[in-house]
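What follows is a single structure, written as structure tokens, with notes after it.
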């Protein structure tokens, strides 16, 4: 029964996130192609700028609420009222700081308006998440999936409608605000009618506990945001929104592919957590096989993006975004690095090494700031791309070294040799098909077939790579229920 619940929840949330990602990406491609790089850059810059302030309101509460309420369902009313009030106060504080920052900046009135609307939408979404945490605590992910899908459909349909009617970015972000308001109302309704009634039960000791326990998660999130997004703020400052649009076009594409890794790690995390304490041999085997599978999946994505970058950019965004090709070629290699970094950090969380994770992210955030400070003014798009890739690469080196030294050593050469060699052969095939001017969709399908079909016959993957994960997940879930 537990395994079925886990599978149902994982499938529901994964499907919702994929649908949401696809619809949002499709709408933003339409924005880019119809409005151009500058409005596209304005939208992405607004989202990223607001995210630096919204972190203050998030404060790592999600992990704490989901964990504590899942253990003891009777806490739901207490956590709901306290986290909601605390989140609201943090939201107001963050919003005031954002207003002060914007009013003292030299951004255009139009960009300021876009930022304010996006900020209001994001802060409403932050309050909505307080209610949605309880969907995960009560293992009713279908409710969260429903909210995510409805929000995405509203944003996509009404966003497309205003664009087809000849309106601009301002109307699109108003639709974004409306979609988040609907999401908030629906989240509140589902929690209050399906999970628990609301009651005021303010507990300042709980506030202190939440702030102290959430601090480490908040730090990690801040450091993560700095090293992944700070280059966009530098680009906006030195070159303007049009260049931001060129950079974020490729960044959006890469981020949409990383969702593959995210959903896999969400599914595997409980197994890693339970296995480490119950059966370390199983933990080590699960980590090793997961590491190998992520290499096998992530590396060919990078190879294809690197080689076919020009065709991909022209197909998705059009000629105006041709300068994004160089960006995509550089940051394509972030895909496999991000896959492996995700596994390393989820595994470190599973063995209670959050402080080590925070320290590593702190180093990378500082490095990212320095690299962007020197590279972006000199090299623009290329500087932002290289600083991002360098930060991700060093993140892998530090995380892998810490994990290998303190937890478990993976034979990196043995793990990478066969996949790297086969990817090199695949790369030659892709280049050959490019010389024949193969259409991008056919190029993708042929590349996938050529790469994937021989994986088993060549011994790059074997039965245990997939079977072990299928075997470990149910067993660990059964232990959780006992």
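Cβ atoms here come from the backbone N, Cα and C positions, even for glycine.
All TrEMBL annotations are machine predictions without curation.
According to TrEMBL, the feature transmembrane segment maps to 12-31 (among others). For the transmembrane segment (12-31), the residues of the chain that approach it from at least six positions outside its boundaries are 39-40, 43, 141-142, 144-146, 148-149, 151-153, 155-156, 159-160, 163, 169, 172, 252-253, 256, 259, 262-263, 266-267, 316-317, judged by C-beta separation under 8 angstroms.
TrEMBL lists 43-67 (among others) with the feature transmembrane segment.
Here TrEMBL flags 79-102 (among others) as transmembrane segment.
Annotation comment: TrEMBL describes 114-134 (among others) as transmembrane segment.
According to TrEMBL, the transmembrane segment annotation covers 146-167 (among others). Here the transmembrane segment (146-167) has long-range neighbours at 13, 16-17, 19-20, 23-24, 26-27, 30-31, 34-35, 128, 132, 175-176, 178-180, 182-183, 186-187, 190, meaning same-chain residues at least 6 beyond its ends whose C-beta is under 8 angstroms from one of its own.
The transmembrane segment annotation in TrEMBL covers 173-193 (among others).
Outside the transmembrane segment (214-234) by six or more residues, the chain places 44-45, 48-49, 51-52, 55, 58-61, 63-64, 244, 247-248, 251, 354-355, 357-358, 361-362, 364-365, 367-369, 372-373, 376-377, 384-385, 387-388, 391-392, 395 with a CB less than 8 A from a CB of the stretch. Here TrEMBL flags 214-234 (among others) as transmembrane segment.
Under the heading transmembrane segment, TrEMBL lists 254-272 (among others).
Residues 29, 32-33, 249-250, 253-254, 257, 260-261, 264, 324-326, 328-329, 332-340, 342-343, 415-416, 419-420, 423, 426-427, 430-431, 434, 440, 443-444, 447, 451, 455, 460-461, 465-466, 469 of the same chain lie 6+ residues outside the transmembrane segment (293-318) yet bring a C-beta within less than 8 angstroms of a C-beta in it. Residues annotated as transmembrane segment in TrEMBL: 293-318 (among others).
Under 8 Å from some Cβ of the transmembrane segment (330-349) lie the Cβ atoms of residues 250-251, 254, 257-258, 260-262, 265, 268-269, 272-273, 287, 290-291, 294-295, 297-299, 301-302, 305-306, 309, 356-357, 382, 385-386, 388-389, 392-393, 395-396, 399-400, 402-403, 407, all in the same chain and six or more residues away from its ends. The transmembrane segment feature in TrEMBL is assigned to 330-349 (among others).
Long-range Cβ contacts of the transmembrane segment (381-403) within its own chain (Cβ-Cβ under 8 Å, at least 6 residues beyond either end) map to 227-228, 231-232, 234-235, 243, 246-247, 250, 323-324, 326-327, 330-331, 333-334, 337-338, 340-341, 344-345, 347-348, 353, 356-357, 360-361, 363-364, 367-368, 371-372, 374-375, 410, 412. What TrEMBL records for 381-403 (among others) is transmembrane segment.
Residues or ranges marked as transmembrane segment by TrEMBL: 415-434 (among others). Sequence-remote contacts of a segment are chain residues at least 6 beyond its ends whose Cβ falls under 8 Å from one of its Cβ atoms, and for the transmembrane segment (415-434) they are 288, 291-292, 295-296, 299-300, 303-304, 307-308, 311, 443, 446-447, 450-451, 454-455, 458-460.
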Cβ-Cβ under 8 Å with the transmembrane segment (114-134): same-chain residues at least 6 beyond its ends: 42-43, 46-47, 49-51, 53-54, 57-58, 61-62, 65-66, 69, 76, 79-80, 83-84, 87-88, 91, 94-95, 98-99, 102, 107, 143-144, 147, 169-170, 173-174, 176-177, 179-181, 183-184, 187-188, 190-191, 195-196
Within-chain partners of the transmembrane segment (173-193) [C-beta distance under 8 Å, separation at least 6 from its ends]: 43, 46, 80, 114, 117-118, 120-122, 124-125, 127-129, 131-132, 134-135, 143, 146-148, 150-152, 154-155, 158-159, 162
